[in-house]
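Let me give you the structure first, and then I'll get to my questions.
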């Protein structure tokens, strides 16, 4: 049974400024950006790791290497962007920079999450450096290797290659590094737990649904972004790219399923705060954002399974052959936008229980 929305319609007016938090707190997009990019970094790292291992086991000469390096680029950029976003939200910047001193409450998801994010960025940077430099990298080609050209112009390329080869761990050590990073990538699910532990907000207090939706949509965006950038620069969609496109589609499908389940929970809740949230997300100023979430995930699902699946079975029609790259780039770009919109509506659509009527 849907909640009584009579009073909810009234309370939802001007919902972008919740009664229980100052409007300037919510006006900062740094929070949803932080929650989003952290998991995107995880998706990028998992792409980089799996593509790197695939590249080391095959001599097919496909796009595995390029996809791996772009995956690590996404991980580094996503992690750094997430860190900058959360730092920009800190009232005291120095406190954010000195988090090892100030953040020692390891019962808090904020503390745990900060350590996870910083550790993931460090591991991602190390993995990217090993992928870009060294004797093996000198024989490679690809747009992802652009830092080599920059270092070469500085006259330091041979020196950097030698230094990287000296500190490069053996194969087992590199696998161990990848394993640690993969655990950290999956641990970015903490971004969902940071909200799910708030028991007074019905939209957030779904301990399984919210973390799962945050993880799946973020990973889909990270993998999809790496795939899109690789396809864009390579101007091709081979079976490797097709396989990762299918993975992006499956992650999008699972993310959409959890988002839809959470929506039905809000729609059928008897809590007044849930009723306010329901109206705001379905009829109020956040309705466009809600539809953008669904559209982004649905398009990512269809493009990933459609284009990727056709590539894997080698049944691409001439039209699809020409449209494969723009289809993946455009669709996965919309997926990224929709996944970010999901965090935005989750924050702006939050209403604490009990609802406080002002005036």
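Placed from the backbone N, Cα and C atoms, the Cβ positions cover glycine too.
Note: TrEMBL annotation is automatic and uncurated.
From a predicted model like this one, the values you see are computed outputs, not experimental measurements.
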Choose the correct range: of 2-23, 112-133, which one does TrEMBL annotate as transmembrane segment? Give that range.
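Checked against TrEMBL: transmembrane segment maps to 112-133.
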What range among 241-263, 264-286 does TrEMBL record as transmembrane segment?
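Based on what TrEMBL states, transmembrane segment spans 241-263.
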Are the transmembrane segment (70-92) and the transmembrane segment (213-234) close, by which I mean at least 3 Cβ pairs under 8 Å that are 6+ residues apart in sequence?
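Result for the transmembrane segment (70-92) with the transmembrane segment (213-234) is yes.
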Give the nonlocal contacts of the transmembrane segment (175-193) in its own chain as ranges (CB under 8 Å, at least six residues past its ends).
34-36, 38-39, 41-43, 45-46, 49, 52-53, 75, 109, 112-113, 116-117, 119-120, 123-124, 126-127, 169, 207, 210-215, 218
Of the stretches 32-54, 213-234, 288-313, which racks up the most C-beta pairs under 8 Å with the transmembrane segment (112-133)?
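It is 32-54, which has the most Cβ pairs under 8 Å.
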State the residues, same chain only, that lie 6 or more residues beyond the ends of the transmembrane segment (288-313) and have a CB under 8 A from a CB inside it; answer 'none' if no residue qualifies.
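Contacts of the transmembrane segment (288-313) (Cβ under 8 Å, skipping residues fewer than 6 from its ends): 217, 220, 224, 237-239, 241-250, 252-253, 255-256, 259, 281-282, 320, 324, 327-328, 330-332, 334-339, 341-342, 344-345, 348.
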